[in-house]
Each structure stands twice: as C-alpha cells, then as structure tokens.
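Enquirer: Pasting a structure here, questions to come.
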Amino acid sequence: MKFGVVVFPGSNCDQDSVDVLGNILGQEVVKLWHKDHDLQQCDFIILPGGFSFGDYLRSGAIARFSPIMQEVIQFANKGGYVMGICNGFQILAEAGLVPGALLHNDHRKFNCKNIFLKPQTLDSLVTNQLGLNKALKIPVAHGEGNYFADADTLKMLNDQDQILFKYCDEAGNISLESNPNGSIQNIAGVCNKQRNVFGLMPHPERAADSLLGNQDGLGIFESILKTVDA
Amino acid sequence: MKFIAEINVMPLKEILDPQGKAVTGSMKNLDLAEIQNIRIGKHITLEIDADTEEIARQKVDTACKKLLANLIMESYEFELTAV
C-alpha cells in the first residue's frame, strides 16, 4: 500500500507520519508538496499536523486552497482514503470533506499534553483493530481543537456512526473534566458519511514508536493496513 | 472601476467566543464592569476591480463564502465603496 503525506508550508508532523508508515510499518510512503498536482498513485493520503500558512485567517483555511487540494478533494470524492491529523483535520473541515469546524479551545490556552481517547466505533478503516473499552493515551498539540457542529450535523454524526473518537480519562470515562478543549460531546475525531475520509485532533503518529515509550497510537495505523491488505 | 470592500466577520452568536469572554472579564479591572458580552471578530479590507458594483459585490461575496468566513462558525457582512 502506498501512502502520500502532503507537506504544506508550516507542516511539522509530516516526517513523524512518514517515519511511522515507512520505518515502523514498512510501507511505501512519499511526501507530496502542496503546490504539486500529482498524488503519485498513492492509495492513502495523509494531511499532517502543523501550522500550515501560520494558521493565518483560520487554521487550515488557506491550505484548503493549496493546488494539491484539488486532487485530494477529487480523490476523496471518488472514494479514496484521506486522513487528517490535527492541522490536517482542520484542513479537511475547511474543505468540507468532514462535517463540522474546529474553534479556538474554550480556555484559549494551547494544549500540549497526553490525553486519553476512546474509540466510538470499530466500523471504520482507522479503528477496526482497536477496542471500544480501552482508553488510548495519545498526545494533543493544538490551539484550535474545539470541535463544533450544529444540532442537525451532530444528530447525523451520531445516527450514522461517524464519531470515531471521544476524549476520556484514563479509566475511559467520557466527562467534562476529560475534555481538553471544549469539543462538543467530547468529540476528538470523525469520518465523513461515506467512511473514507477521517479527521482527528490527537497525534497517533507521535505515539507509535517503542523508543518513545508509548505505542497507543500504532493501532490506528495497523487498522488501516489490516483492512486494506485483507 | 475600483471598489474598496470593508468586511466584518463575526463568530456566530451561539458559539462561545473565548477571546471576547477574556476581554469582557478584564473590563472589571478598568472599573468598567457594566460592559458585557464583548465579542471579537475580524475586520478585512480589500480592493477589487470590476465593471459594475454588482459584479464587485458578487465577487466579494464569493470570497467571503469560500475563504474569508467559515459559515459553520462565523457570519459576515460588508460594505462596498467606489474609489
């Protein structure tokens, strides 16, 4: 399986994703420059974390109109797999590829810490190898991670099983106290209706290498490989 | 013709504006506690060449809808002036 990691000016987690996919999981992976128009026959596109275009205007708003996004949007609309992590999630939301928007954290501080994450569905390419009861310890690093969707959209997300992850505590309790940014219903990640585009604020690629002492994020990448290679 | 657009982008009323809330909270430090509900948005100006005011208005509206505002979280309004 061939992965493509898009690099925007200001991306800073592209190499982490490349490292996990290439060195740890042994997959073919290439970086794709945002000004290009060629997805190089990749099977799976990752929009990495960072601060594309300095977060000017709104996080992800300018990157959403980068040249390569025309191809990424076409690819997604044809059923191609796309995952956005952190800033990548913000870009996907700005592009309308996943529902909702990411607002400033309700407390207005930048979050840089480990949080706990509870998978909400196993019926997705990125969660199928996870457990519904185990809380995953994954780092977050964002100032604008407060997920918002209006009431109709929230109902749709719940009815169609599109919520991938919620913030929880170490024991797995989804509570106000375990919500790091004010996200509505503690939502940390969602997918689109067609279940081929995935967005999440936490960074599984920073929790996948045993040398870093935490591999709770690896299961997300293993889920992708398990489904696609099966 | 050249026009100048003055655009205001504001967070939707139902959305928490943490920046506005923090600034509202500081008003009591100025002995101005009667000032409430500060909300902070963006003011954007731009110049546009167009044959008519109507065309300029449509193009500014498109820029607002597609990029300058995110309608999930913000509203916008603008005024156009010929220069």
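Using the three backbone atoms N, Cα and C, a Cβ is placed for every residue, glycine included.
TrEMBL: automatically predicted annotations, no manual curation.
Residues annotated as active site, nucleophile in TrEMBL: A:CYS86. Among the features that TrEMBL reports, active site is placed at A:HIS203, A:GLU205.
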Enquirer: Check the DSSP secondary structure of A:GLU205 (active site), expressed as helix, strand or coil.
Expert: helix
Enquirer: Whole-number Å only: compute the distance from the Cα of A:CYS86 (active site, nucleophile) to the Cα of A:GLU205 (active site).
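Expert: Cα-Cα, rounded: 11 Å.
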Enquirer: Are there any residues in the same chain, six or more apart in sequence, whose C-beta is under 8 angstroms from the C-beta of A:GLU205 (active site), and if so which?
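Expert: Listed in sequence order: A:CYS13, A:ASP16, A:SER17, A:ASP19, A:VAL20, A:PRO48, A:GLY49, A:ILE85, A:GLY217, A:PHE221.
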Enquirer: Taking the Cβ of A:HIS203 (active site) as reference, which residues of that chain separated by at least 6 in sequence fall under 8 Å from it?
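Expert: Result: A:CYS13, A:ASP16, A:GLY49, A:ILE85, A:CYS86, A:ILE138, A:PRO139, A:VAL140, A:ALA141, A:GLY217.
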Enquirer: If you count Cβ atoms within 10 Å of the Cβ of the residue listed as 'active site, nucleophile', leaving out that atom itself, what do you get?
Expert: 30
